[in-house]
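Here the structure is laid out as structure tokens; the discussion comes afterwards.
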Amino acid sequence: MESEQLFHRGYYRNSYNSITSASSDEELLDGAGAIMDFQTSEDDNLLDGDTAVGTHYTMTNGGSINSSTHLLDLLDEPIPGVGTYDDFHTIDWVREKCKDRERHRRINSKKKESAWEMTKSLYDAWSGWLVVTLTGLASGALAGLIDIAADWMTDLKEGICLSALWYNHEQCCWGSNETTFEERDKCPQWKTWAELIIGQAEGPGSYIMNYIMYIFWALSFAFLAVSLVKVFAPYACGSGIPEIKTILSGFIIRGYLGKWTLMIKTITLVLAVASGLSLGKEGPLVHVACCCGNIFSYLFPKYSTNEAKKREVLSAASAAGVSVAFGAPIGGVLFSLEEVSYYFPLKTLWRSFFAALVAAFVLRSINPFGNSRLVLFYVEYHTPWYLFELFPFILLGVFGGLWGAFFIRANIAWCRRRKSTKFGKYPVLEVIIVAAITAVIAFPNPYTRLNTSELIKELFTDCGPLESSSLCDYRNDMNASKIVDDIPDRPAGVGVYSAIWQLCLALIFKIIMTVFTFGIKVPSGLFIPSMAIGAIAGRIVGIAVEQLAYYHHDWFIFKEWCEVGADCITPGLYAMVGAAACLGGVTRMTVSLVVIVFELTGGLEYIVPLMAAVMTSKWVGDAFGREGIYEAHIRLNGYPFLDAKEEFTHTTLAADVMRPRRSDPPLAVLTQDNMTVDDIENMINETSYNGFPVIMSKESQRLVGFALRRDLTIAIESARKKQEGIVGSSRVCFAQHTPSLPAESPRPLKLRSILDMSPFTVTDHTPMEIVVDIFRKLGLRQCLVTHNGIVLGIITKKNILEHLEQLKQHVEPLAPPWHYNKKRYPPSYGPDGKPRPRFNNVQLSSVDEEREETEEEVRLLNSTIL
């Protein structure tokens with residue numbers, strides 16, 4: 001129980017303020033478990049309030065002053081609700097870690113008492129592995145279900161399998177004996193809608209009927225998806241990664257990872273992908289996996305009652321989500337580490353790796369693509385890359401960076417316009433319009449009509465002897481007598497040039513529609529559309545380089561490698577590099593993206609081209625702005641997220657950012673033992689602050705601690721219900737010892753246990769660069785600003801974000817004047833040697849003192865100029 005009492009007093013905080021913020025030196029000795037007699041002095045009188053000078057009292061561990069008042073400590077047992085958080089609030093990482101350490105100590109101290117306690121200890125130790133195992137199993141199963149359903153519903157827009165309605169087009173023709181090599185996608189079992197409705201397989205009438213049915217099914221799927229999202233789970237829209245990044249940083253969004261969101265997101269993701277919109281399912285799969293992790297974490301008290309520990313599970317879940325989205329377990333772990341996680345200890349790395357492994361194993365067992373692979377577009381190239389190809393690879397990186405910068409600015413501008421105009425009030429209409437435009441334009445072009453994953457697969461594929469795609473319509477050498485894997489470079493045929501024009505139109509279409517699609521009120525990922533844009537551009541560049549090498553093989557850059565009859569250029573490799581470059585330009589990922597792409601394609605040999613293109617795209621994109629698309633959407637939605645990638649280079653101080661400002665009302669504070677229940681309730685009702693500093697008294701303004709608004713409210717309500725004699729005039733005591741009260745006084749209420757005894761404090765002259773680092777690395781909710789021990793104000797994460805936004809919009813001087821850091825606040829004591837008066841509020845200075853300081857600043861400034 002000694003450790004539990006220390007925890008209630010705040011001594012388990014990771015802060016040097018743990019000692020200096022204690023109310024008295026006696027409490028420090030009391031924390032060590034000593035039983036001592038103290039003779040108080042004037043200093044003790046100042047620290048302990050109304051205790052008379054020279055009074056002897058006995059202090060024991062958890063004891064109190066001997067007096068006639070018998071105080072029932074309300075918080076000897078935990079109060080339900082204290083230590084929890086409201087919706088759209090930030091968690092206290094330090095407090096959550098302290099709670100977890102105390103829980104761990106309590107379990108270890110009891111595990112030797114009995115076999116049952118030992119079993120509970122083992123269960124607690126293995127609960128982390130159990131929860132990530134369940135998360136991986138659920139993520140893999142749901143991903144396989146989504147892949148199978150999306151493929152079937154995508155093909156439903158074109159026709160149906162009469163022999164087995166649940167088969168997609170490819171599965172329908174697997175067992176047919178009438179399928180030819182040239183027309184492998186045609187079989188009697190598969191019927192197009194034109195064949196079923198008008199009985200025609202060819203001709204204008206058939207084309208028009210298939211066109212109409214394609215648009216009908218696309219609009220139906222899109223309407224059903226947006227309707228389900230709007231009615232049942234509004235949080236199921238979008239990618240989900242910006243919100244997950246914010247949640248992992250410590251923000252609370254109730255319901256965003258709930259069971260309804262999981263159910264609706266799974267269903268509507270299938271519908272959104274099948275509708276043909278320019279979106280992908282990979283980003284939403286991360287959201288789905290995190291929903292699974294959040295739901296399973298409630299089965300284990302270790303995670304259900306601790307928000308910081310729960311975020312370790314969510315980090316592992318995000319790795320599992322990328323693992324099943326791309327078939328890249330290692331890339332998923334690196335994605336969680338590089339892109340989404342805010343706090344990533346070593347044990348979370350191991351559990352993320354295990355969750356990604358389990359999820360990938362389950363998906364491989366389901367085999368949703370029927371190719372014994374984790375992904376649809378697994379490719380193998382038979383030709384190595386050559387040194388001269390680094391130049392076109394870097395050009396693709398430049399294109400990826402330019403595309404990323406353009407997309408981020410255009411999409412954010414459109415999303416901001418959607419929020420500020422009436423158009424944003426009709427999300428269903430917006431989705432229907434976008435789906436209609438997409439379907440009408442996409443159907444005539446075979447490359448836009450394809451499912452985006454199928455398009456990427458075709459663009460990645462190398463042209464072999466068995467390929468019948470128009471991209472492989474080369475003029476063959478009639479002297480070739482045998483089929484080999486390495487086909488030499490050949491002149492492009494009519495089909496290749498036709499395909500290039502169609503790909504150029506598809507590139508323009510994808511660029512425009514992706515800008516307007518990402519952010520609509522259906523599940524929409526960005527990975528696959530960005531990769532498709534890069535793959536189209538890369539394939540075009542690859543074909544161009546291939547033809548250049550064929551017709552000009554005697555140029556010095558080709559002469560050494562590209563001899564006549566040699567196979568030296570692989571256009572599919574350029575498509576893969578372009579896909580990585582465009583995705584890197586949008587998300588600004590580097591290491592994790594390269595690993596994802598080579599796991600995705602099996603192109604381990606091509607890591608260097610991928611690295612060159614990805615780094616180039618990041619450098620080019622950063623030249624236009626360091627924010628990736630997810631950080632830009634976080635800022636657009638106003639989420640309290642401090643990005644660790646941003647550098648703070650300004651010269652402002654904590655006093656410039658703290659609240660209240662000089663023009664604001666004074667800071668609302670609580671006194672240690674001079675306020676009643678009514679006083680505190682009135683302050684709570686009259687203000688909207690999330691917490692209040694607690695000071696010693698009106699005379700002694702020394703900081704005692706910090707009390708949260710929610711904890712105060714819950715504790716007072718609980719005391720009125722469970723404790724007799726607590727009325728509005730009851731004295732509230734935050735001190736270790738209760739002051740002597742008249743016999744007729746109502747019973748006091750002791751709330752010391754809800755008090756944060758070690759709030760983080762900085763002085764008013766602390767550079768904001770240090771303050772921002774403290775908030776980032778420790779995950780603080782707020783930080784108190786003091787001057788000579790006097791509480792001047794408070795800095796919250798919201799204040800820092802507002803300050804950073806203001807600095808982006810205003811140009812700051814290169815260096816402040818030499819008198820910038822002069823003393824701005826009054827000392828703790830007035831000219832008469834007495835403490836400055838204070839009435840439950842911190843007064844920065846009087847009007848006369850402000851006038852004197854202003855005159856002194858003007859005089860110093862004038863002397864400096866002269």
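Each residue, glycine too, has its Cβ placed from N, Cα and C.
Copied over from TrEMBL:
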DOMAIN    658-722  domain 'CBS'
DOMAIN    755-814  domain 'CBS'
REGION    818-855  region 'Disordered'
TRANSMEM  126-150  transmembrane segment
TRANSMEM  214-236  transmembrane segment
TRANSMEM  256-277  transmembrane segment
TRANSMEM  284-301  transmembrane segment
TRANSMEM  313-337  transmembrane segment
TRANSMEM  386-408  transmembrane segment
TRANSMEM  428-447  transmembrane segment
TRANSMEM  499-520  transmembrane segment
TRANSMEM  532-553  transmembrane segment
TRANSMEM  573-598  transmembrane segment
Task: Intrachain residues whose Cβ lies under 8 Å of the transmembrane segment (428-447), provided they are six or more past its termini - done: 211, 214-215, 218-219, 221-223, 225-227, 230, 275-278, 418, 455, 458, 499, 502-503, 505-506, 509, 513, 516-517, 520-522, 536
Open item on the list: Cβ under 8 Å, sequence separation of at least 6 from the ends of the transmembrane segment (386-408): give me the contacting residues as numbers and ranges.
Closed with: 511, 514-515, 530, 533-534, 537-538, 541-542, 545, 557-558, 561, 568-569, 574, 577-578, 580-588, 609, 612-625, 627-629, 632
Task: Chain residues outside the transmembrane segment (284-301) and at least six past its termini with a C-beta under 8 angstroms from it - done: 127, 130-132, 134-135, 138-139, 142-143, 146, 239-241, 243-244, 247, 257-259, 261-262, 265-266, 269, 310, 313-314, 316-318, 320-322, 324-325, 340, 359, 523-525
Task: Non-local residues, at least 6 beyond the ends, that sit with Cβ under 8 Å of the transmembrane segment (313-337) - done: 128, 131-132, 135-136, 139-140, 143-144, 244, 247-248, 257, 281-283, 285-290, 292-294, 296-297, 303, 343-344, 348-349, 351-360, 362-363, 373-375, 378, 527, 589, 591-593, 595-597, 599-600
TODO: Could you tell me how many residues in the domain 'CBS' (755-814) are helical, how many are strand and how many are coil under DSSP?
DONE: 24 helix, 18 strand, 18 coil
Open item on the list: Counting by DSSP secondary structure, give me helix, strand and coil numbers for the domain 'CBS' (658-722).
Closed with: 24 helix, 19 strand, 22 coil
- [ ] Find the average pLDDT over the domain 'CBS' (658-722) in the predicted model and report it.
- [x] 86
